[in-house]
């Protein structure tokens, strides 16, 4: 087992205390009462991490099922669509189940008195990956641009980048304040996703192909709302919370350099990816949108997982994530024309490498922390030292 977590970080995990604030009216007044009822039917012998992982598996199953019918995001661009109706209804079901499981895992941990830093890391680590998968699955609903309807692959890339940026801001905020201010966008996005799948399953993909108002489509409205929500609510709220912590002298990092350090690798990652998208001689994003966007999501998840570990263990994150170096080589080779027709092959190989590395990282970190904390990941039993 590769030991990704340092001894200092392991010691930091033992001192960690969870602190979160949820001010979203949708969550507080509507969803939380629902989750409080659902949690009562969960058997007490089930480990909270099992709930978390089950939700993530459902997200993956839904993604791969949609990918089977719509690999290149064109299946919903025709009328009627090529994706069976039952797939959209199944997507609504799996999204709701994943949403519910992700919302009750922490409650179940407190209910069974099994809350641990490993549980929080497991939850947020899978969330960092699931965030991109939710978005990539949704793109199949609205379809890619076919000259009449749909969204361009470049809009998809921008949309995904904004969503991941919002997720990054939440944990950057917690790195500096020590408090996780639960983003309003999460609950809203889950409800919108479920509604979108149900609407598509009941009415058909045609609903996305007709102008909604003043010549604008539903997808246009969603993009505008996302950008507006990020620029005028989410990011300003993050800056305000950090500023307030500074005034109260509860800021964890007094140095500007230390405070901004977690942003370096994520921003460099997106700069390199954007350069590849814009300057690719073979127009790689248009040729392999699903593969490229999957790679973006996995790479981001690994980068942000390391930030989460540093935040929870009160340690300094690395300046440059190792993914940046092979990615920089691939991007330079691609935009210089050196790869030629091999660009798609190299993308596939790099995607497999990044995904395998991320899975290996997650497995090893989970095992390392479970040994250090003397617990099992998927069981409430304590480890027995021989």
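The backbone N, Cα and C atoms fix where each Cβ goes, glycine too.
Annotations in TrEMBL come from automatic prediction, not curation.
Looking up the ranges 345-363, 364-382 in TrEMBL, the one annotated as transmembrane segment turns out to be 345-363. Among the ranges 153-172, 173-192, 193-212, the one that TrEMBL lists as transmembrane segment is 153-172. For the ranges 85-101, 102-118, 119-135, the feature annotated in TrEMBL as transmembrane segment maps to 85-101. No contact links the transmembrane segment (153-172) to the transmembrane segment (321-339), because fewer than 3 Cβ pairs that are 6 or more residues apart lie under 8 A. Between the transmembrane segment (256-279) and the transmembrane segment (321-339), three or more CB pairs separated by 6 or more residues in sequence fall under 8 Å, so the two stretches touch.
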